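First comes the structure, then the notes that go with it.
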Amino acid sequence: MNPYILATLLFGLGLGTTITFTSSHWLLAWMGLEMNTLAIIPLMAQHHHPRAVEATTKYFLTQAAAAATLLFASVTNAWLTGQWEIQQITHPLPNTMITLALALKIGLAPLHAWLPEVLQGLSLTTGLILSTWQKLAPFALILQLQPSNSTLLIILGLTSTFVGGWGGLNQTQLRKILAYSSIAHLGWMIIVLQFSPSLTLLTLLIYLIMTFSMFLMFKLNKSTNINTLATSWTKAPALTALTPLILLSLGGLPPLTGFMPKWLIIQELTKQGLAPTATLAALSALLSLYFYLRLSYAMTLTISPNNLTSFTPWRLPSTQLTYPLTITTAMTICLLPLTPAISTLLTS
């Protein structure tokens, strides 16, 4: 892609998200979301491949449906209450509609079906943008919304954690596994949103760091399915040794960074008298942990060539910048000791 066009599209992505962040009016927020969608579509379709075009079409249709629902709900709210302010959504009908529209935007279950299919058709770089940056603008709106229907959020959150765990169990494609991982993590964030927005933001930040690290690792190894992971130990043995730690951090095992948000969320839910919800969320994390362990096993304990049909890639020197991978991997593995300081900041 022409570097000038790429720079323009990335600028459009940043501008769309910034407009949504800074807006207090529903029309401006909607405009920012639309800019975001239109800027990423050429990036998704840049590889002229039927899968990429199919993924782009699915993404466009779902985002357009979510944006139309959002606009309709905000107009309905203005008609019922005379308010265009984001924080003045008082009527339960537009409130619920906007919550569901934003859930479709970020891929919360049961409105998640587009996300694994779209991510599977993209390159790892575009998939990284879709899994991280594209979640920020809708999340800013959800945080400002403070939905009146608390039961809806808990149902969406719990459904997402279970669907994210169950859906990834039978997958062999890494991008689909990361999509289901994304759905499960979003579920954890949504469950605790109404009780502690700052804890949701912390969980989102740690999710972004861990996902960034995972995508960069797969990109460095040029891996898109489980079979090709087995060849990674010959190309980057040190990285292959660290990758199971990144995966287990995504699964939420101590003493890794990913344990921190799950620990704090379960603690907060228990404080709010929602012990059954906390127990179900913790059990759903075991489903996700299974497929992270499966990836760790394929990467470190199987030797290529194996009996499955896979090609051995050329071992050319990588031109990828490794500093971002180094920094995010260190943060993914080592931040748990900062939990007391972070929990103090959250409560202050």
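Heads up, the Cβ atoms here are built off N, Cα and C, so glycines get one too.
Checking the ranges 34-55, 232-253, 320-341 against TrEMBL, the transmembrane segment annotation falls on 232-253. Of the recorded ranges 57-76, 151-170, 201-220, 232-253, 273-293, the transmembrane segment (96-115) has the largest number of C-beta contacts under 8 angstroms with 57-76. Against the transmembrane segment (151-170), the recorded stretches 57-76, 177-195, 201-220, 232-253, 273-293 differ in Cβ pairs under 8 Å, and the greatest number is found for 177-195.
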